[in-house]
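Under the heading domain 'Amino acid transporter transmembrane', TrEMBL lists 32-428. Annotation comment: TrEMBL describes 63-85, 128-151, 163-182, 187-209, 229-247, 259-285, 305-330, 350-367, 373-399, 411-436 as transmembrane segment.
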Amino acid sequence: MREVPENRQKTLRNQEKGDYFDPFLERNLEHPTTNGETLTHLLKASLGTGILAMPLAFQCSGLITGIFATVFVSFVCTYCSYSLVKCAHTLYRRTRVSSMSYADVAEVAFANGPKWSRNFSSVTRQSVLWLLFVTYFGTCSVYTVIIASNFDQLFTYHMGYELNLRSFIAILLIPLILLSYVPNLKYLAPVSMVANLLMATGLGITFYYTLSDMPNISERPAVGSLETFPSFFCLTVFAMEAIGVVMPLENNMKTPRNFLGIFGVLNVGMGGVTMVYILLGFFGYLKYGEATKSSITLNLPIEDVAAQMAKICISLAVFCTYGLQFFVCLEIIWTKIQENFEKSTMFHNYVLRTVLVTLSVLIAVAVPTIGPFIGLIGAFCFSLLGIVVPVLIEFATYWNDVTIWMTLRNVVLIIVGILALVFGTVNSVADIIAAYDPAQAVKCAINSTLTEPIAE
């Protein structure tokens, strides 16, 4: 699909108007996923550890403002993902292929777009690939630190003494390698289902604590200050964004048409995610007020068995989620290897899985405070990948049919993406300063609490 010559763009458009090509009938998958399995993966990708920081986000925005702002952020993230898949379906027919990755969609759209975009098609592809890899590989390392930190707290409470956090990270190496050996998304679906159940159990226990002995709603501000609202926006965008798994999920579907539509997999999944985000953010902040911590589980009483179970369930859910994040990294590198080495086999594939997992764990062991740096990478990557790039792809795909409404809408989205990029980067830099310069810790108190969610 990347070898479509630029001089064939007119022919391709004529083919789209003339001979009808159904890419989904041509799609031949050995292990296709059903709508339910795809929805399960989407929920797990979106309901990551960032959801635990939603009470803190509502502290930054206020109770009522937080509800409407969360809906807005969800709409932006969902629309950009929807637009990306819609453009992919159009490009399938133009290039007569049955599937594309995110990078393929970007390259083909630019190669067959207006003249100014054609020279940037290869650069766009490589940029998307590296942004995806750095973001999700960094996320894998951060997940390792998060899991180890939770079990470290439980170990210290029950045993009465501390072990080095690096020891807990190293212990995770073998279990994570075994998890990475799950061959494809079809077989990873049960793991995602278990992760969803564990996360639901942990969130259920958390809701139990937040809904008990709630104060009056008048005790919390309905509208937050302008100074803290950027922190809300940054938290919510990077917690909810799942642009990197959208195309892999669609490519593995048995009925890819059902991914889009008013009641398609994408809209249904993101609608459910938005409701959970709003409920936990609203009631969590209502319960704990200004004492709200970076993760709502940190507000739960550690001496209660139920609170300990919540920590365990959520930690195991993050462990299961590692597999889905890892799949994005694996797909990028394995595709590169297959392009350059024709004799690559499944043995080499599993060697690659082992090496990548080992590297992610070694990075976490070497720098267990890696969160702030990954927060910086995540802020930069997700703003571009999740908002700006999909908008540019839409311009390039439908450049002959650009309307005033499309232009205004996409300009607004680009502005939103740039704002997310700026504020996310500023917050992450403040986190790094607070983590490595204790003298700045007090000045960066709010930003330092955003380290873990932004890494998501």
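Backbone N, Cα and C define each Cβ position, glycine as well.
Since this is a predicted model, take the numbers as computed values, not measurements.
Same-chain residues lying 6 or more positions outside the transmembrane segment (350-367) and placing a CB less than 8 Å from one of its CB atoms are 137, 140-142, 144-145, 148, 166, 169-170, 172-173, 176-177, 180-181, 326, 329-330, 333-334, 337, 373. 229-247 is the stretch from 128-151, 163-182, 187-209, 229-247, 259-285 with the greatest number of Cβ pairs below 8 Å to the transmembrane segment (411-436). Counting Cβ pairs closer than 8 Å and at least 6 residues apart in sequence, the transmembrane segment (128-151) and the transmembrane segment (305-330) reach three or more and so form a contact. Remark: the transmembrane segment (63-85) makes no contact with the transmembrane segment (305-330), by the rule of 3 or more CB pairs under 8 A.
Below 8 angstroms of C-beta separation, residues 144-145, 147-149, 151-152, 155-156, 188, 191, 319-320, 322-323, 326, 330, 350, 353-354, 356-358, 360-361, 364-365, 368 of the same chain, each at least six residues beyond the ends of the transmembrane segment (163-182), sit close to that stretch.
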